[in-house]
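The structure under discussion appears below in the form of structure tokens.
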Amino acid sequence: MAGRKSVCCGVSALEATLAVLFVLMTAVCVTLITLMATWKTHTGPDPTLHPSPESTSPDPTLRPSPESTSPPQNKPYLIGVGRADCTGPPAEIPLMGYANPQQTAAGIHTRLYSRAFIIDDGKRRVVFVTADVGMISQRLRLEVLKALQVKYGDLYRQDNVVLSGTHTHCGPAGYFQYTLFMISSKGYIKASMEPLVNGIVKSIDIAHRSMKPGRIYRNRGELDDSSLNRSPHSYLNNPEDERQRYKWNTDKQVLVLKFTDLDGDGIGMLSWFAVHAVSMNYTNRMVSSDNMGYASYLLEQDKNPGELPGQGGFVAGFSSSNLGDVSPNTRGPHCVNTGLPCDYLNSSCPVGGTKMCQAFGPGDDMFDSTRIIGHNVYRKAKELYANAAEEVTGFLHSAHQWVNMTDVTVQINSTHTVRTCKPALGHSFAAGTTDGGGDLNFTQGAVDGDPFWDGIRDALLGEPSNQTQECHHPKPILFSTGEMNWPLPWHPQIIDVQIITIGSVAVVAVPGEMTTMSGRRLREAVKQELESEGTFRDTEVVIAGLSNVYTHYITTYEEYQVQRYEGASTIYGPHTLSAYLHKYRGLARAIAQDKVSELPAGPEPPFFTKNLFSLLPAAAVDRKPENTSFGDVLQQVYPVYRQGDVVSVTFVAGNPRHSGDIRDKTFVTVEIHDNRTETWEVVHTDASWETR
């Protein structure tokens, strides 16, 4: 202490000055550090102000990816997401997809939802909707656009709104205006159409109201063990050098777009994977969103903890792609009566024909297969979402045309042109597929007609013209739908072609079911055109199937020659794909050159008001057993259950068709009693996977 004191007493003037300067510098540094800390807490993500499922979950795959926690420099988009119930009457109405008259609705497995995503770059806006329906029909699209026009004027139009179906085969039918589809769906059913229109519009309303600045990230990966080519014989008819470029005979890639707010918190995800939503087979009679709907359900339950199905802010859309020849039934086809493999060329069995040749999924039954395939797709998308680091930036574009698909001429080389045909379906159309075979003695791969069936057709519907027969060769025509117009045209002539681009991601909206190789050719063509001007680089092109209007299948010219189900269902003839390539190239070129405004709109599709017919009888008056009242429980639940038990209850009820609009409601709740608060909490509804 004495020594220190003596040093202190001998401080010079210079030392004193330095000491003062030191104190001043320290004060300045402390002030700056305080200011920086305050600035950071105001600009950086504050976990207490912005709680999210990602930040509270112990699962590392659910945390925001590293890039989203440091503020990127690119200009953000305005992003809105929305989900709405679009479930129609779950009783007596045919289910759309298998064209099986016995397959009428009789209950709910899971509810159906429309999921909407709106993106705005400050100059343009695009909307993408994926809905749990078999396909978007032309009538459904026109009704939705009409409703949007009334609400929003010219904000949402045919050029910037894409409507795509997940291709579930277990949603209510009856939302078509063309005769062929009306015949297989018991006509035009207003009770089916209204919940679809209202549900899709409501999902867009919710997305519109929730718009806020955010960012988009893209990622892609491969998913195997979840898809199988159901027409490998057709695929093998494609040129060998083309096939050599690909590892698989189906597309295994999963593309994910991750939507976040400016804090990096996830608000939604949009994903595409090419597989048929037919894990639920043609014996099912419950309304179901099938495998893709289950993938959405799982991710939304993950990201909206504590919420019931269909609720919560995070929206997960799983969209269809070029799934034309792709089945989820990964065990492949076998003859169900013998267990032996089906005939390779025509997918039939020695006894029982095509009906006995059925493909099965990976599970013990259709519910289990739906669960496994849906979970596989969900798991892959969740992994890609968690690791999405490549930000999508740049302007938005949308290009759309209506095309008379019966009259497209394409120059295929310097000397030859080809053209499309009036629509027609071939004999193999009636054979069905290994995911659901036809009842009659038709087989896939038929390149010759059948005198017996042709004679019946000629007597009832008239013979196809020579011109149509020549145009569709080698397809033996079963129904010349383009020459059948009573009471309304049997098939559409005017169809939509459309592309929207979000920065470097191009979404090609295809009005039907493209096969694997057709989709590859289309993606390549669009990418080539977009990048030809140098304005697009590293473009990710994805096909959104079952969009805007339904035109059955689109095979390659080579696959068409084999005339399996997909070729027989390529309704505009052997050069259908060439015509689509030509039209989509035109849209992509216009986007690349910024000349979309110069594209002719094309001939508008019809909106029929007369001759729409319904073959669905009115719902019968509700009757109840004697000495009972509606709501009486006939089979009561037991007081105690063990984990894994099935709880079953039976009660007296009316026909659900008498319930009116059933959206956002439930026919059943499962509730758990909280002993502390003496209250019941709903844990499951009829939208839950756990209830049927």
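The backbone N, Cα and C atoms fix where each Cβ goes, glycine too.
As written in TrEMBL, here are the features:
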type	residues	note
BINDING	HIS167, HIS276, GLU513, TYR553	Zn(2+) binding site
COMPBIAS	226-237	compositional bias 'Polar residues'
DOMAIN	77-581	domain 'Neutral/alkaline non-lysosomal ceramidase N-terminal'
REGION	44-81	region 'Disordered'
REGION	221-242	region 'Disordered'
TRANSMEM	12-39	transmembrane segment
Helix, strand and coil residues within the region 'Disordered' (221-242) as assigned by DSSP: 7 helix, 4 strand, 11 coil
Close in space, distant in sequence - TYR553 (Zn(2+) binding site), Cβ under 8 Å, 6 or more apart: GLY324, GLY512, GLU513, MET514, THR515, TYR565, GLU566, GLY567, SER569, THR570, ILE571
Rounded mean pLDDT for the residues that make up the domain 'Neutral/alkaline non-lysosomal ceramidase N-terminal' (77-581): 97
Other CB atoms, at most 10 A from the CB of HIS167 (Zn(2+) binding site): 26
Cβ neighbour count within 10 Å of HIS276 (Zn(2+) binding site): 28
Non-site residues, in chain order, whose CB comes within 8 A of the mean position of the CB atoms of HIS167, HIS276, GLU513, TYR553 at Zn(2+): SER320, LEU323, GLY324, VAL326, GLY512, GLY545, LEU546
Cβ neighbour count within 10 Å of GLU513 (Zn(2+) binding site): 29
